[in-house]
Structures are given as structure tokens and as C-alpha cells.
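Structure, as C-alpha cells:
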Amino acid sequence: MYGGYKRILKIDLTNETVKSELTDLLFARKFLGGNGFGVKLLYDTVTAETDPLGEDNALVIVVGPANGTIFPGAAITGIMTKSPLNGLFIDSYMGGHFGTELKSAGYDAVVITGKLKNPKFLVIENQSINFYDAEDLWGLETSKTQIKIKEKLRNPEFQVACIGPAGENLVKYASVICDTRAWGRGGIGAVFGAKNLKAIAVRGDGDIEIADPDGFLKFTTESLEIMKKHPALGKAIPSMGSTGSIDGNNSIGILGTRNWQRETFENAWKISGNAMLEQNLRIGHKACSSCIARSAIFWKARCGEYAGIVSRGPEYETLYAYGSILENDNPDSIIAADRLSDELGIDTMSTGVVIAWVMECFEKGILTAKDIDGLDVVFGNHKIILDMIRKIAKREGIGDILAEGVKVASERIGKGSNEFAIHVKGLELAGHTARGLKGMGLGYAVSSRGGSHQDTRPGAERSGKLDRAVIEGKPEHVIKNQRMTTIGDSLILCRRHAEPFFGEYLSEKYVELINLLTGFNLDLDELNMIADRIYTLERMFNCREGITRKDDILPPRFMKEPIPDGPSKGMFMRPEELDMMLDEYYSLRGWDIKTGIPPQEKLIELDLV
Amino acid sequence: MKKILVDSEKCSGCRICESVCSYHKLGNKFNRKKAAIKIVVEGELGENNTPVICRHCKKAKCSEACPVEAFYQDEKTGALVIDQNKCIGCGLCAEACPFGAIYLHEELSIPLKCDLCGGEPLCVKYCVPTAITYEDEQRLGALRREKGVQ
Ligand code: SF4
Ligand code: SF4
């Protein structure tokens, strides 16, 4: 089948049984792949009663029609589950080479349910699926785990996605690491841990066929030339990854600082990509499958107690999470924290937001030194970051509460600390402002994932293409932008390649690429419909869990406190502004304005019932 | 004769080279396991990538090992290539190559080895960081020398 569609694999860990079925072409046309396949398979497998850390939760791993080809950025592998962090839908995407191997093994999706009796790792090699004992790997960090598994299997071609101690200890925002890439958000690693699943190793030998090979090669070669000349993709990203955004965001006053008490950081330049390059911290870089951006940069810490530590990253989000939001201007400490987080298998964004919240609790006297195990958790003190990460990953002392995420932690600690707990629907916020970019603010509020920057993107407003201070037109922008991210995640494409080339919205170019790969002969209307079908199904998943309009809000800080200083001084999201945008957003989406729930007629229109 | 020059430091491990090679060799299908170039990844974090591709040796171990004399030199490019009709698929050549630059795959009856694509190697064309280039033989080693002199 074209587009590489082959089979869907179902694995039951409890009985260690396996089933596989051919991918139905009608299903493929309706949901496209990646994000679409994942949400449909997950929606049908779990229920509102499913405990995210219980046996009945499912992990759905997906690839799409672009994987395994040479389209630049066709590298991503998605995973979907019911999030242990907030009990809602979560999809997480990683780069690297896992997806190419999985697709070469002949699978479009893998649905994993049940629970292993004791720690094991799963091996998918073409049609053979095996379980291996992992007692001796339990407790190991992620790089060692991968090396050991490749040795055991006597083949370095395997791609190994594994958890570290954080996942084993059911930290609610534990990640899964493959290579140096992560399924970072929403606690995928804890679901692995709860299932006693230490790792999944995959390798495949099969061919990948596409519908129109000549057309595809021409389209790809031309796209490649355009991407190579793009200033960000062709030049800035290969030299410093996404670290340039630190300067960019700071210069317009939208860089989360001091737990978002401010959005300007005087010392931001010290942790910017340029400064890190000047200090010769870059020692090499690496690409994902078919990637031309090679944004995975190896940085090496040079000074102080961190000297010699190498990490792949930090990228922008981690520089925010362990840097500006903690008012930390020491790049070496961020490199070390990034590496430690990957080794322990924990999401850098959530961890940083949690630590920032503790710092503010300490500053306000809500927590005392005794509560924080004697650590001096004050803004600007980089010396405690590694200790805090270890405590959380091991659930030691204060780490045990913090491992639940900032929402639960602030509810348990109380004393008004939820006023500055920075999350949306329980997912800690990424490094993009909800006050200084009105569309992004709406995007966070309605994001299926919660505080993620991947459903709605900040690019158009940040670059000045759209006026960031106005609310007019933003609901429409957000929807069109979400259609693009949804299809990108279904294909599956890297945003860094797709955005510079295709732009912020779906277009005929997307239609052309999909048709060349799959032979579906879609038009733009049908593609928009597919995007709406997938996003609405995500919404239904969340509505089934009880989410309604009242949950589509921002952290109190963003709706009450104007940005106090800097170039964006005075900006914030007035509740009435958000309300107006929500009205328009729901009505454009065809969802019920009062409740935010998609009504029956919309579901029929989208062929979802 | 022109040869493929490898600069491992520039290689990002994107594996586009493997993919285009297979696309060309298999007739419009992608399969990295059926490519005549392979990227070997090493290091604790997988930070070192080395493209492994045939050197087209003057006194080639592969052809010496071949029991049926299936190897011959392409006149136009000087590439050392395998005659499909003569090759018996024993794989001795793959074992003999000091670089491991010949690859076998279950589904293929003869080993995969670089044939320089008739003088326009596709892997080189698609390598964005220019980790592999196609240059005159006397340029071999020149990169090292030039870097060393500086
Ligand atoms: S295309 Fe170039 S950079 Fe990419 S893996 Fe091959 S040799 Fe390395
Ligand atoms: S296959 Fe190996 S031995 Fe034969 S010519 Fe190429 S590099 Fe030399």
C-alpha cells in the first residue's frame, strides 16, 4: 500500500500476546496516520473509567505516511495515552530514528495494553515480537539502558526507547528517551513504568512504497532547495538549534522569568545560543531521520562543578525551564540539568516549572527551608537544580509531592500557591507567553494537551506577521494554525522543517505532498475536514473526562497580573477578552458555545459517529 | 578517477544518503537496509557518525576473495562493480572488505556495494552538510592536510 500503510499491531502485556491486522484504507483516508491514527485507536481502547496508571490504559505509538522517506523532517514518532499528569488526552512526539525503524518493520501503529508481571523490555523486529527480562536494567539511566539492550540484542541498528528511574518511580511527568530524543510531555514514562515496561526496541527490514515516486522526488528535491536557503532552517538552526529564541523572546519582553512574575530577563544573553557558541560550548551536532536542520547540538559544560558534562541540548524550552524561569544565568548548569533530566527520564519543561513554583513558595514563606529538605531554593541559585531534579525523580522528601506536578502539588500545599502554579489543565506551561501573544494565550486555553506550545504555535504573532496585542481575528488564526499542527502531526513532520516551508496554515502544498505519498487525491476541503475530525476527537476524549468550557482557562497569574516591566509591560489576558475569543472559537469550530462540547450534528458532519 | 570523500565530522547522521541510495537501487522504494552506504553511530550519546562506503580499492580485497571472479571495473567511472550474472551471493566479499563496505540483505540475491551511480552519486547530491563529496583522487587526504597546515 502506498504511503507505506501496512499493519496495526496490538500487544497485550498481561498475557504477552500479539495480534496484527492490515491497515484499512478507509480508516487511513479518514485519519491519515500519526496523530489521527493515535487518537482514534486510543479513544476506542480506553474509557472514562480507565486509570492512567492502571492495566487498562493504552500506549499507542504511531508513524505516518512521510516517515521513512527523504522528505526533510520526516522523522517524528508519536505516542498517545491517557495522561497520568492530568487524566486527559496526551500526545507526545519525538524525533530521531525510532519511527523509520518501526515503519520499516511494517507498522503504522502499535497499541500496547495490559501490564507485565515483572520488568521486561519489548523487542519488535519485523514480524517477530519478543519480551526480554529487564530486572537487571531496572534503575539504570537511559543512555546505559540503550547501550545494554543493543549489546544484548547484538545489533546496534535497534532503536531503543526507554525509561529511567523517574518513569519507574511513576513521576507524573516522566519521559521516555530514545537516542537523545524524548517523548517528553504528559508522563508517558510513568505509563511505561506502571506497565513494568522498561523499553521498546525496534528494527525493521521492509520497503516503503509511495504513490507517485517521480512526482515525490521532484517535489522533495525542490522543497529541499527552498529549505536550505531559508534563513532559520538553512542557517540559524544548524548553528545553534532553537537556542536563538532566548534573545528573540527577551527582546520583545515575553521570556518567562522568575516563575513568570516577569517576562524580561536582564541576563538572558548569558544563556542564549550566541553566548554559548562564543564560549565554545558546542562540540558537534546530530540530525534526526532525513533532517536537514541538524538542530540536536551537543553542548559541553566548561566551568565549575559542571565542567566536562556533555548534553544533546538544551534547546530553547530547556533554557527557559532551567534558565530564565528560575532566573538562572549559568549555561553550564543548564547543560548539566538537561543531561541529568534525560538520564533520569524526566520532562525538562514540567520539572523547571515545578522548581520555579517551589522557589516562589519559598520566597513568599509558604514553604520553609525545612519543608524543602534544607535546600536553598531561591531564584537565581543554580546550585540546587540538580538536587531538585534527583529528589523529584526519586520521589525523595519534598520530591514526592512535586512528582505529582504543579497542579496537584499546589492543591496539597495550598496557602494560595495555586495562584502562581503555571499550568493549563494540569500540564505545565512551555516557554511561550500567554500574556504577550493573545492568540497563543487562547491557544493554550483550548489546547487538548494543556500547557503545550505544539497545538497552537507562537510564530506568526512573535514575528509581527499578526498584531500580537489584539484579539480580533485570533480565534480564526488559532483554528487554522491548529489544523496545520494536526495534519503535521499526522503525516508526521518536524515543525522546524514544515513551518518555514509550508507556513502557518494548511495549503495546497500539503495536499500535494499527501497525494504524492498516499495517492488519496484529497483536496484542501477534505484535508481541513480530516484536521477537524482529529482535533474534535481529541476534544471529545477530554469531554468524556469531564472537560468543559470552564476548564479552558489560563493560570490566574496570566489573567490577573499585567506584565510588570519590559517591552510588553502592561499586557495580560483579561477574563472578558478570553471569553470573547472562546465564544468565537467554539462557534467557528461548531462546538457548543456554552459548554465547549462538540454537539451531535458536528460529530455526524465529521463522520465521527 | 573520482572518489567519494568522507568527512565524518560533518556527518549529522540524517541517513538521507542511505535512503536515496536504496531508492535508486531498488527502483523507487525506500529501504535503508538495502543501501550501499551505511552510517555507523557510536558514542555514549550516539554523538559520532561515520559514513561507511566502498573505497573502490586498487587492490581490492573483495574481488580477491570472490571465488567466481564476479568483480569488474566500470570503464567510465572506474568503479569496482559486481556482475549480477556471475555473482553467486556467497558473501565472501563482504567478509573480506576491511571497511565492511559491502552489505547483505535477506531479500537480495547479490551483495550491495557502491557503484558510484554511473558517475553522479546520489548520496553526495543529497547530503546537505557535505559530509560526503565526490572529488578527484588526488584530493584524498587534502582536507586533513589543509586543516593541519592552518
Ligand atoms: S546524508 Fe550526509 S550527513 Fe546525512 S547521514 Fe549521509 S553522510 Fe551523514
Ligand atoms: S568493497 Fe571494500 S575491499 Fe572492495 S573495493 Fe570497496 S572498500 Fe575495497
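Cβ coordinates come from backbone N, Cα and C, glycine included.
Fair warning: this is a prediction, and the values are worked out from it, not measured in the lab.
Annotated features, as they stand in TrEMBL:
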- B:2-31: domain '4Fe-4S ferredoxin-type' (DOMAIN)
- B:44-76: domain '4Fe-4S ferredoxin-type' (DOMAIN)
- B:78-107: domain '4Fe-4S ferredoxin-type' (DOMAIN)
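For the domain '4Fe-4S ferredoxin-type' (B:2-31), the predicted model reports an average pLDDT of 93. Sorting the domain '4Fe-4S ferredoxin-type' (B:78-107) by DSSP state (H, G, I as helix; E, B as strand; all else coil) yields 5 helix, 4 strand, 21 coil. DSSP places the residues of the domain '4Fe-4S ferredoxin-type' (B:2-31) in helix, strand and coil in these numbers: 14 helix, 7 strand, 9 coil.
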